[in-house]
Amino acid sequence: MKKSIIIFLLAIVFGLVGCDNTTKESVNKQPMETTTAANNEVNSKEKTTSNDNEKSSDNNKVSFNDKSNNTNQESKKQEYKAKLDNIELGFKGFNDANATTNDMYQEACKEHKQWDDALNEIYGVLKAQLPASDMKKLQNEELQWIKDRDAKAKKDAEEMAGGTMEKVLFQGSLANSTKERCYVLVEKYMK
């Protein structure tokens, strides 16, 4: 009897958590659409103003562009945080308990690839945003991070050296390190 009650309560909790994730996604999408619409409206107003008075609009454009760039940059940072959060939510549903080792390995590879693709996309955006000196610093930092990530994955996999779980732990560690790096790059460097 106690087991059925516990199972029933767990089912309700998981159901509520599933409903909650949908709400967060729709809430995250709404501000992005609103920001884009607001930017389009402001850009249209800027064009109208520049036709009315060239001298005053030249002065206003400098400060407007600064504000517009800040809004776009902030929304870029928010956009990528939301993307990363969505990737993370996509992997929450995988159940290791009923999976074979091969299933876990495939899932870890899939997760690592998705985080690596996100990292490459973020890196591309940063290439366009950062000055050359900062980009050079970031490149050196990335090379060191790759060495550290691989060493950590190897160390984590040694726990099950020779076992069937070794490759799962290795891929899982790569995925986790890459995920963490994505968040660090967005938070630290993205404007």
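Every residue gets a Cβ built from N, Cα and C, even glycine.
Note that the structure is predicted; figures quoted are calculated from it, not measured.
TrEMBL annotations:
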COMPBIAS  43-58  compositional bias 'Basic and acidic residues'
DOMAIN    98-185  domain 'Lysozyme inhibitor LprI-like N-terminal'
REGION    28-78  region 'Disordered'
SIGNAL    1-19  signal peptide
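Here the domain 'Lysozyme inhibitor LprI-like N-terminal' (98-185) is broken down by DSSP into helix, strand and coil counts: 77 helix, 0 strand, 11 coil. The average per-residue pLDDT of the prediction over the domain 'Lysozyme inhibitor LprI-like N-terminal' (98-185) is 93, rounded to a whole number.
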